[in-house]
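Chemist: Starting off with a structure, shown below.
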């Protein structure tokens, strides 16, 4: 009986220990993620984009991103033009 109780106690301590380590790991990820999001936002803000009408309102293909073309019929939005590559 004593060895079973000791084994259960050791397993309980190990469970609590690993749970605490996981929580600490998750906490560090959560602390780091706002900084990562802010740095990514700066990258996207600093990048100039040629395409301005991705979600609608285009009148010509040049307003769309590469490999997208403006639809000729309503609803006017940028759609894939069937090409690949850079």
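Cβ coordinates are placed from backbone N, Cα and C, and glycine is handled just like the others.
Pasting the feature list from Swiss-Prot:
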- 51-65: disulfide bond (DISULFID)
- 58-70: disulfide bond (DISULFID)
- 64-78: disulfide bond (DISULFID)
- 84: phenylalanine amide (MOD_RES)
- 1-20: signal peptide (SIGNAL)
Chemist: Around the C-beta of residue 70 (disulfide bond), how many further C-beta atoms are within 10 angstroms, looking at every protein chain?
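Modeler: Here the count is 19.
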Chemist: For the C-alpha pair, I'd like the distance in angstrom between residue 78 (disulfide bond) and residue 70 (disulfide bond), rounded off.
Modeler: 5
Chemist: Listed recorded positions are 64, 65, 84; which of them have CA atoms within 10 A of the CA of residue 58 (disulfide bond)?
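Modeler: Cα within 10 Å of residue 58 (disulfide bond): 64.
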Chemist: What is the interatomic distance between the Cα atoms of residue 65 (disulfide bond) and residue 84 (phenylalanine amide), given in whole Å?
Modeler: 13
Chemist: Sorry to bug you, but what's the C-alpha spacing from residue 84 (phenylalanine amide) to residue 64 (disulfide bond), rounded to the closest Å?
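Modeler: Residue 64 (disulfide bond) to residue 84 (phenylalanine amide), Cα-Cα distance: 15 Å.
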Chemist: Around the residue listed as 'phenylalanine amide', which residues of its chain at least 6 apart sit with Cβ under 8 Å of its Cβ?
Modeler: 67
Chemist: Count the other Cβ atoms sitting within 10 Å of the Cβ of residue 64 (disulfide bond), across every protein chain shown.
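Modeler: That number is 22.
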Chemist: By a simple count, how many Cβ atoms lie within 10 Å of the Cβ of residue 65 (disulfide bond), its own Cβ left out?
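Modeler: By my count, 14.
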Chemist: Can you tell me whether DSSP puts residue 78 (disulfide bond) in helix, strand or coil?
Modeler: strand
